[in-house]
Amino acid sequence: MAGTGGPVATFSVWDYVVFAGTIVSAAGIGLFQAIRGRKETSSAEFLLGGRQMTAVPVAMSLTASFMSGITVIGTPAEAYRFGAAFWLFGFSYAIMSAITAEIFVPLFYRLGITSAYEYLEMRFNRLIRLIGTSMYIVQTALYTGLVIYAPALALNQITGLDLWGVLVATGAVCIVYCTLGGLKAVIWTDVLQMVIMLAGFVAVIARGAVLQGGLTKIWQDAAEGGRLDAFDFDPDPLKRHTFWTIVVGGSIMWTSIYSINQSQVQRYISCKTLGHAKMSLYVNMVGLWVTVSLAVFSGLTMYSIYKNCDPLSNGDIGTPDQLLPYLVMDILAAYPGIPGLFVAAAYSGTLSTVSSSINALVAVTVEDFIFPLCKNLTQKQVTWLNMGLSVFFGALCIGMAGVASVMGSVLQAALSIFGMISGPLLGLYLLGMLFRTTNSIGGLSGMIIGLALTLWVGIGGQIYPPTDEKTKPLSVSTSGCNNSQSNTTASPWTSPVTLTQQPDFRPPIADSWYSLSYVYFSLFGMLTTMVSGLLLSMITGGCKQEKLNSDLFVTKSDLICFTCCRKSEASEGTEKASTDLHMGVDNLAYTDIDETSKVLGNAAELKRKDRCYHILKATLTELDAF
């Protein structure tokens, strides 16, 4: 009987069929896009989908990129153990979408960039660009290893398949369709995987509702267990999740993920118009709301079923990240193919994130490291280079999964990685975009200070995890467990798993500095970078800089969205400002560039013409900058 503990079923033949069919379909999309676009082999086509993508598929891809297997496995476990507070990230998603769509997207679109880190060279210097790119590569490799490891562990426990065999197979599938299909394959595969991921959540909730007597009973059980007390307005920054940590800290954290992370930037600049790019972010916001809501409610469903027999306390599983896979095999094994659908959902999230990471790592490496050194590469050489790098980074991410195995809870570890590295980097971008006073010395020094401080608190928190007094795990019970059943049969779920343990010695700083909520890492890094960067810029002559190109700063017109749409329609056929031009019609700058690219066949020459075009256009239209 579900919810009483003990061993559960394993995969059936139909589960393997459903799971394998999903993986084959994902690889098939890559092959289809490769065959369909075999004549369109330019670097822009491979890395940016020819800049002809529309809002809806890009939005679903944006959502799938960071709603990975970590979300499928980690978020329900979070809601089960700590309650529904994680749902408050819905407010953070809304704030993040507005900031990214109205500030960052118009700026990147106007500059016509391929790598998000091109901006750092335009605004500061090449050294800062290479440092920013290197930070992104390290962050993405670590995060992707974590993404691969999480569902591989679940599949290993459900099926008994070798863990490293599963890890290698995951990376291999991603390498195939990234190498052959480029960004179009990644985006359209993400659409399929997003649908499968949501279907997995719906299956868990529907079956749980049937077993428990309806959704109302699940909600009632969650309320009685304290799982619905989400609105904690305590301002203490050391408490893991409060309203303020999630809404304030979470907004900055997700802004750093969506606004300057190449995996996401590469998607919305692949849209054919600025209007599509902005709309993709707002549609993505809705997708994030739906995904996190289903994930949290899956966790509440799990609590309703196991409220009297916690599998973790009862010894049926070895780590919280196995909670949802255990539930699936407990309540859905009687329906052949459904457990396979769930594992496919977890793997769909993983495949989408890994493929996004590989494609983005290739883009920044080619743009930031290869092109400046090898300026005369033919188009065919660039195409082979893109494919070779896809294989290399895929292998690297598989290797980093070994590091991920010692990082504890997958959800918190993943978000901590972004906070520690993306926060200072976001501060550097904001210094460049908002303040003309900022110079290269101040910007670089501020980012180094911010990075050093966030790494100190983040790594310290990993070594000396916050106590239960700060994390506030909710109570669970084993009073209803059928212990006689669970003790007579060995469970495949209790194999040893490396978790972060409390060390014997705990310094005083561990209960203050190291206990800072992981959600605040990004905010802390951003603020320290901006404050120290501004001060150092003023000290080192930032106020005396020569006149800078106004295109490098946020402009007034960037902050107007729907007004620009109306202006674009009203002034059809007349000369428009750059943001109006791109808002509702084809991106003529990119159209012209693609035609020029076919004639020249030289990426470096194309980039120079691109920048000259935008600088000339900005001069003619005399855009007023802040």
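Any Cβ shown, glycine's included, is placed from N, Cα and C.
The feature region 'Disordered' is assigned by TrEMBL to 474-496.
According to TrEMBL, the feature transmembrane segment maps to 16-35 (among others).
Here TrEMBL flags 55-74 (among others) as transmembrane segment.
Taken from TrEMBL, the feature transmembrane segment applies to 130-151 (among others). Within the same chain, residues 68-70, 72-74, 115-117, 120, 167, 170-171, 261-263, 321, 343, 346-347, 349-350, 353-354, 357-358, 360-361, 364-365, 368-369, 393, 396-405, 407, 410, 413-414, 417-418, 421-422, 425, 428, 444, 447, 451 sit at least 6 positions outside the transmembrane segment (130-151) and bring their C-beta atoms closer than 8 Å to a C-beta of that stretch.
Sequence annotations record features per position, and here TrEMBL assigns transmembrane segment to 163-183 (among others).
Residues or ranges marked as transmembrane segment in TrEMBL: 195-215 (among others).
Taken from TrEMBL, the feature transmembrane segment covers 241-260 (among others).
Here the transmembrane segment (281-306) has long-range neighbours at 2-3, 55-56, 59-60, 62-63, 67, 71-72, 75-80, 84, 86-87, 89-90, 93-94, 96-97, 100-101, 105, 194, 197-198, 201-202, 204-205, 208-209, 211-212, 217-219, 221-222, 225, 227, 258, 268, 323-324, 327, 330-331, 476, meaning same-chain residues at least 6 beyond its ends whose C-beta is under 8 angstroms from one of its own. Annotation comment: TrEMBL describes 281-306 (among others) as transmembrane segment.
If you look up TrEMBL, you'll see 326-347 (among others) marked as transmembrane segment.
The transmembrane segment feature in TrEMBL is assigned to 384-404 (among others).
TrEMBL lists 410-431 (among others) with the feature transmembrane segment.
Here TrEMBL flags 443-464 (among others) as transmembrane segment.
Annotation comment: TrEMBL describes 518-539 (among others) as transmembrane segment.
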By a Cβ-Cβ criterion of under 8 Å, what residues six or more beyond either terminus of the transmembrane segment (241-260) are in contact with it?
62, 66, 82, 85-86, 88-89, 91-93, 95-97, 99-100, 103-104, 116, 230-235, 281, 415, 418-419, 422-423, 425-426, 429, 472, 517, 519-523, 526
The transmembrane segment (443-464): which same-chain residues, six or more beyond its ends, come within Cβ distance under 8 Å?
124, 127-128, 131, 135, 407-408, 413, 416, 419-421, 423-425, 427-428, 431-432, 500, 502-503, 506-507, 509-510, 513-516, 518, 521, 524-534, 536-537
